[in-house]
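Asker: Right, I'll just put the structure down here and ask away after.
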């Protein structure tokens, strides 16, 4: 009992520390007592406002399952007000010079740097990942903001002078209007930062719906954007679940939707949003394979497999959840298990923690059930993390590193995205067999090959039907000057996130054919035939 009281007190202390730092905007420290918990605000037209909803969702610290806050399911009126604020702000923001919009983002990236550790602490409190991993979450999002500051180069149009005498042809990119983003729980800072900074620097206004499980980081990011000089109404934030998603998919004033999350939700949003005439980009699930050749650097490969499989407790869409050991590389399996055993499982804010808890008890149960299915279907559990107990955090959603071998492509633990600290291991005799396994899997988010042979690496990179390939790089998430190019069942849409494709998604082309005659003359008679542009 005493331990439980102490743990609860520690959680309250962390809430109050974070609250005071962010001026009690959405976690008002003064309202926290033994009978109440902080409430997350809405952000509408430049103001953080308390929701009038009668439906609220508890936010839990995954390490303790202690309630640390409550987030509203926004009412229809509140969601309408948020879109209306976006719509009102759009004309002036779109007409704001591109240099002025760039200056807002330049100030914004500096404020994110200055507040990076505070954002990371909020992430760890609500999501559970280690503080170091949470800082990486913020940093990878910050890189996209920094890239968005290059908008003056990214939004260049095209020209073709003198297509005929006195006639020029040119195009430029224009914002769409009101855009919306629906973010997942696993990257509370990075994914929102993939969305609204890119959209807004192009001249759009933005409606953001963070995950109801981890809203705090997005709210702090909104405050920092406001402090950077973004006009009221250019970014608005609502909260909720299914009703909020349907609202975004159906609202006629929303022109484009960015989504990251599960396949079930992504397919639904893509179909419903597209049916309503919206652009939709949806990053979804994955089953990322790491193919290990026997000539690979053994030390580096084993360390990279362990880090990429179990970091963030496997709750990454780019987690390396499947290892394919080719030929003699299968002899490395015992050493792989020993390295995974050495990882330290603890609450994310504890020193030395390598991985924290899963997001919810339901997520833990699902992961454990998938491990069970492997054993029942004939696989071997070489390392079992199902019964791990973390001292002082016995109520947390912890699963330790788990390695399942003798896995076949027909097994449930292989076919489903586990989204937990579980590595499934398959074995093949040849590279061609490994390539077939990867290509037969429906997902196409990421893959990696570990080898010291350049010809093998090139063959693999060219033959696998996967959008992002790493060569001795286990998690090949592109830097933002490129784009996140997941494919097949991992993505729906025509245009990917950030980079050049991100600019294309959030803009539309306008093409202008202009004629200014050299002589000051007028037509002597109407031209009634089809223009041939001088040909």
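First residue shown is number 1, and so on along the chain.
Even glycines carry a Cβ here, placed using N, Cα and C.
Per Swiss-Prot, transit peptide is recorded for 1-32. The N6-acetyllysine annotation in Swiss-Prot covers 47, 76, 87, 117, 331, 376 (among others). Taken from Swiss-Prot, the feature N6-succinyllysine covers 52, 55, 76, 129, 364, 391 (among others). Annotation comment: Swiss-Prot describes 183, 185, 209, 212, 213, 262, 417 as NAD(+) binding site. As annotated by Swiss-Prot, active site, nucleophile applies to 317.
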Asker: I need the most crowded of these modified residues: 87, 391. Count other C-beta atoms within 10 angstroms of each C-beta and give me the top one.
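Answerer: Max Cβ neighbours within 10 Å, all protein chains included: 87.
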Asker: What are the non-local neighbours of residue 209 (NAD(+) binding site), defined as same-chain residues 6+ apart in sequence with CB under 8 A from its CB?
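Answerer: Residues satisfying the criterion: 180, 181, 182, 183, 237, 238, 239, 240, 244, 245, 248.
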Asker: I'd like the number of other C-beta atoms within 10 A of the C-beta of residue 183 (NAD(+) binding site), please.
Answerer: 27
Asker: Including all protein chains displayed, how many Cβ atoms other than that of residue 129 (N6-succinyllysine) lie within 10 Å of its Cβ?
Answerer: 29
Asker: If one looks at the chain holding residue 417 (NAD(+) binding site), which residues at least 6 apart in sequence have a CB under 8 angstroms from its CB?
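Answerer: Listed in sequence order, they are 263, 285, 286, 287, 321, 443.
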Asker: Just the number: how many Å between the Cα atoms of residue 129 (N6-succinyllysine) and residue 317 (active site, nucleophile)?
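Answerer: That comes out at 15 Å between the alpha carbons.
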Asker: Inside 10 Å of the Cβ of residue 331 (N6-acetyllysine), count up the other Cβ atoms and send me the figure.
Answerer: 11
Asker: Starting from residue 47 (N6-acetyllysine), work out which of the recorded positions listed here (185, 212, 213, 262, 317) have their Cα within 10 Å, and give them in sequence order.
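Answerer: Checking each Cα against residue 47 (N6-acetyllysine), there are no hits.
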Asker: For residue 52 (N6-succinyllysine) and residue 185 (NAD(+) binding site), what Cα-Cα distance in Å is obtained after rounding to a whole number?
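Answerer: Taking the Cα atoms only, residue 52 (N6-succinyllysine) lies 24 Å from residue 185 (NAD(+) binding site).
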Asker: How big is the gap, in Å, between the Cα of residue 87 (N6-acetyllysine) and that of residue 185 (NAD(+) binding site), rounded to a whole number?
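Answerer: Per the Cα atoms, residue 87 (N6-acetyllysine) and residue 185 (NAD(+) binding site) stand 27 Å apart.
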Asker: If you measure residue 262 (NAD(+) binding site) to the residue listed as 'active site, nucleophile' at Cα, how many Å is it?
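Answerer: Cα of residue 262 (NAD(+) binding site) to Cα of the residue listed as 'active site, nucleophile' measures 9 Å after rounding.
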